[in-house]
Amino acid sequence: RWFTHFYVVSVLWNGFLLIWLFRAEFLGESLPSWIQDMHHAFGRDSQSEDMGNEHFSALLVLLLLWLHSCRRLAECLWTSIFSSGVIHIVQYCFGLGYYIAVGSTVLCQVPTNVRNGKELSVQICWYHIIGVMMYIWASLHQHRCLAILANLRKSRSGKTVSLSHGVPFGDWFESVSCPHYFAELLIYVSMAITFGIHNVTWWCVVMYVLFNQALAAVLCHEFYQKNFSSYPKHRKAFIPLAF
């Protein structure tokens, strides 16, 4: 339930960064001095040239990240039905820090002087289209899977009748135990594609999400197998047909 706090922070913080980057891109305004200081702290040269369509890619990725946080916040508030499980204080603090850091990471991929007196030239490339399409596809499946989990605790009338765990069926649940975790990975991969595939920094973020979600999926998969004797044996934990 406290994951809701993560998405509140992400919506506010990444929305704030998105507004500043949008103003810098389209209104020619300079990024605040503290953002420029952050660029320098992370080794980003404020006078570096824009490589290819880097600035527009970062703006698009930050928008996708913000939309993802908005959807997850809405799902936490109106879709998911949480049990009485608790979260460790260390994990809670790390989660808050993560959603602040991930938006800052996107912003640090852009030269500080985004326009430098030049007119903005927005070029939509093939990797933008593929990345956004993959993002939409993965997001739709993640929402469906979260709705399936929530419906396990509802009656046909939509009233919550139980907080216990059940075996989910439908959509990607037919292949893996935790398709919502797999969809999360695909969402971050789609952002890497939107960056133009070559962005090493964002691939490091993807690797973190991979190991984080894989660990959670394995633990969840073992829980299902331990508590439900008739649990489908063909299901993998995380990645269909592989893991």
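Even glycines carry a Cβ here, placed using N, Cα and C.
What TrEMBL says about this one:
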| type | residues | note |
| --- | --- | --- |
| DOMAIN | 126-243 | domain '3-oxo-5-alpha-steroid 4-dehydrogenase C-terminal' |
| TRANSMEM | 6-22 | transmembrane segment |
| TRANSMEM | 86-108 | transmembrane segment |
| TRANSMEM | 120-138 | transmembrane segment |
| TRANSMEM | 185-211 | transmembrane segment |
Which bits of the chain, at least 6 residues beyond where the transmembrane segment (86-108) starts or stops, bring a Cβ under 8 A of a Cβ in it?
2-3, 5-7, 9-10, 13-14, 17, 21, 35, 38-39, 42, 44, 58, 61-62, 65-66, 69, 201-202, 205
Mean predicted confidence [pLDDT] for the domain '3-oxo-5-alpha-steroid 4-dehydrogenase C-terminal' (126-243):
96
